[in-house]
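Engineer: Before I ask anything, here is the structure I am working with.
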């Protein structure tokens, strides 16, 4: 009886922590999209890659403060693994920006939807994960729902297709690698960010101005900041700390696939908030139906993947003995 009660309490605690992690990610992600929309569309700061580099600078400062306060303990991450992660992550950021520039909005959205099948394939090949029929169908409903409410005109060109393929696979690999590194080296989210954020900040700040000039034809060092533009830039950087941290927490607790499925809830929320704050132009029956389908699919996925056999890992990656504080974060958040 005591063991049943203990198991129930542990399950309840995990559910609460899972919901808190997901809510944290959704709130910060939706918030930064709204802030960046204002920064770029209203105030003209269209240098997305450089902005991402600044995001990682503030995230790096956060990890230094946490280490100084003793909230993050020293850890090890081999240079080879760090380099791989930074390559995947930076290709994802640049690839997404280039894909948006070279493709129609419709094809860009379709490419983003392909990240779930790509993440599924990585889990099946490398982790031998098995999905039940209901889990597969629920993912299909999510994809159809998001496609219905976001995909409009679709036109494809050769260079746009190449950019989209690079963006999809680099993003899927980056998110898979977050989960992989946390499990393999018993790294909690703070420690992993402490290793990756400085490398990404340095590389993106070096490459960002050149990439942004290629994409926009404008130089970031010629941009004249107004007081409001500077305010929104600073606010974006601070919110980015939460976005980067919550992403690592969520992928550590769930998986790349679950993170992608839950991530489409952000798409629905962004659309809803966009209609609420920026006008109802484009809101029609098709969009509403798509949103409803996507939400129903997400609920179905949550139930289907939680059932026995819904999503099973058939091989276990060897994990280093957990000697770091905070490693219980990943243990409590065993993959759903």
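Sequential numbering from 1, following the chain as shown.
Even glycines carry a Cβ here, placed using N, Cα and C.
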Engineer: Given 108-130, 223-245, which one carries TrEMBL's transmembrane segment label?
Structural biologist: 223-245
Engineer: Out of 15-35, 309-329, let me know the one TrEMBL marks transmembrane segment.
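Structural biologist: Of the candidate stretches, TrEMBL labels 15-35 as transmembrane segment.
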Engineer: Under 8 Å between C-beta atoms and at least six residues away from its ends: which parts of the chain pack against the transmembrane segment (82-100)?
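Structural biologist: Sequence-remote neighbours of the transmembrane segment (82-100) are 48-49, 52, 108, 111, 160, 163-164, 166-168, 170-171, 173-174, 177-178, 181, 195-196, 199-200, 203-204, 207, 211, 215.
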Engineer: For the transmembrane segment (15-35), name the stretch out of 47-70, 137-154, 223-245, 285-304 with the most CB-CB pairs under 8 Å.
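Structural biologist: Per the Cβ under 8 Å count, 223-245.
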Engineer: State the non-local partners of the transmembrane segment (160-178) in its own chain: residues 6+ outside its ends, Cβ under 8 Å from one of its Cβ atoms.
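Structural biologist: Apart from its flanks, the transmembrane segment (160-178) reaches 84-85, 87-89, 91-92, 95-96, 98-99, 102-103, 107-108, 111-112, 114-115, 118-119, 122-123, 126, 192, 247-248, 251-252, 256, 259-260.
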Engineer: Give the one range among 47-70, 190-211, 285-304 whose Cβ atoms make the most pairs under 8 Å with those of the transmembrane segment (137-154).
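Structural biologist: When the Cβ pairs under 8 Å are tallied, 285-304 comes out ahead.
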Engineer: Short question: which residues 6 or more past the ends of the transmembrane segment (47-70) have a Cβ under 8 Å from it?
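Structural biologist: Distal contacts: 36, 39-40, 93-94, 97, 190, 193-194, 197-198, 200-201, 203-205, 207-209, 211-212, 215-216, 218, 220, 223, 233, 236-238, 240-241, 243-245.
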Engineer: Averaged over the domain 'Sugar phosphate transporter' (27-301), what pLDDT does the predicted model reach?
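Structural biologist: Reported value for the domain 'Sugar phosphate transporter' (27-301) is a mean pLDDT of 86.
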